[in-house]
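A.B. asks: To start, I am sharing the structure in question, which I have written as structure tokens.
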Amino acid sequence: MTGLSAGWLWAASLWLGLGLVLQAWICARQWQHLAGLSRASDTAAQPESIGYGQRRALFQWLVYLEQCLRVAFWLGAGALAASFQPFSTSGLAGALLFVVVFALIDQLLRLLLPWARWRWVDRAYGMSRMSGRELGADFLRRIGLQLVIAAMAAVWIVWPLALLDAPGGWWWSTVALLTGAAALFWGRPHLIEPLFNRFTALPNGELRDRLQAMMQRCGAQLEQVWVVDSSRRSKLANAYFAGLGRRKRVVLFDTLIAQLSPAELEAVMAHELGHYRCGHLRRYYLLQGTLLAGSFLLFGLLQPMIAPGLSSIVWAVAAYVLLPALAWPLQPWFAGLRRRYEYEADAYAARHAERDALVSALERLLKNNLGAPTMATAYMLFFATHPPADKRLLQLKL
Ligand SMILES: [Zn+2]
């Protein structure tokens, strides 16, 4: 007994099946595209980037398969309703315990895929520098963190729902969900990320002076530039902007600093600043927040039709499993938006730093991060949050 209406269960299965088949086809296109690149004699692709890209495409599909399998297990097979049973008579404390037990089992189920990715993708191609023991320690930390977040979410979102298991309860829970997500977003750089990496302020010197001068030219205040010790975990080189308002910060990977010249780092930083100045972060988080709140509320209001036999608390937890899996058609929309942001940030960087330095930085990063210069069109449209390197470089050289 799943507590879900049979018709709805069929419709959801078809929807997920369609997503699985479509994504399998798209990932297979990328696999073939890369195989074609390795055969072409005039290609600029490095041999390792072909195999690495193919396995990444496979894992892209496996991520969706995992989401579907979790839906099948928790909702299709009724594991969610069954695990609520022992707690159903214990009131609010029971509801809280149920959420924590669910989070623990769900996290354990989700360990296999990152382990397989580490084993057959990142470590196999020398991108990961972690040992099995370090990975295990990371997993433990992650589970602990998830349990704390689940307990807080239960208190914050599920309790109001249980207290207000009447018309209006879902509205309160949605408000709670949004404020909880905002708090998590705010706390992430300060409370969560330091659990996994060490962040240090960029020391005074030529690089800092250069970055400061560039930021001043752009009319921005250099608030915080942090260096993260990512080289302990991975070879990947990157930089990102996080937070909003006075809390905003630029984070440079130490692997990036080790590889790029000061002029190239300045250009990368100008690109990151471009994301901020063009309002990309603000718009993206606003969009995500609206979609999250809207879909959660709709999900709750539709419960009498879809899941009349389930407790509201179980249904709220089901949203966590089900909504990301159902939302696959949004993926190309999000990816397209982010690719547009990348072009805008590149254009901003070309105006405020040396264009040639950005070109050489991108070329160096492509090589270091084992990126392929081109992508299958379907794969790019559906998944790529960054434009393929050839298109991006062409745009910069215009
Ligand atoms: Zn970017």
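Glycine is no exception: its Cβ is also placed from the backbone N, Cα and C atoms.
TrEMBL entries are annotated by machine, without manual review.
Okay, these came from TrEMBL:
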TRANSMEM  6-28  transmembrane segment
DOMAIN    81-198  domain 'CAAX prenyl protease 1 N-terminal'
TRANSMEM  90-113  transmembrane segment
TRANSMEM  143-163  transmembrane segment
TRANSMEM  169-187  transmembrane segment
DOMAIN    202-397  domain 'Peptidase M48'
TRANSMEM  284-306  transmembrane segment
TRANSMEM  312-330  transmembrane segment
A.B. asks: Can the transmembrane segment (90-113) be said to touch the transmembrane segment (284-306) if we require at least 3 CB pairs below 8 Å and skip pairs under 6 apart in sequence?
C.D. replies: no
A.B. asks: Near the transmembrane segment (6-28), which residues from the same chain, at least 6 beyond its ends, have a CB less than 8 A from one of its CBs?
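C.D. replies: Distant contacts of the transmembrane segment (6-28): 57-58, 60-61, 64-65, 68, 71, 75-76, 305-307, 322, 325-326, 328-329, 376, 378-379, 382-383.
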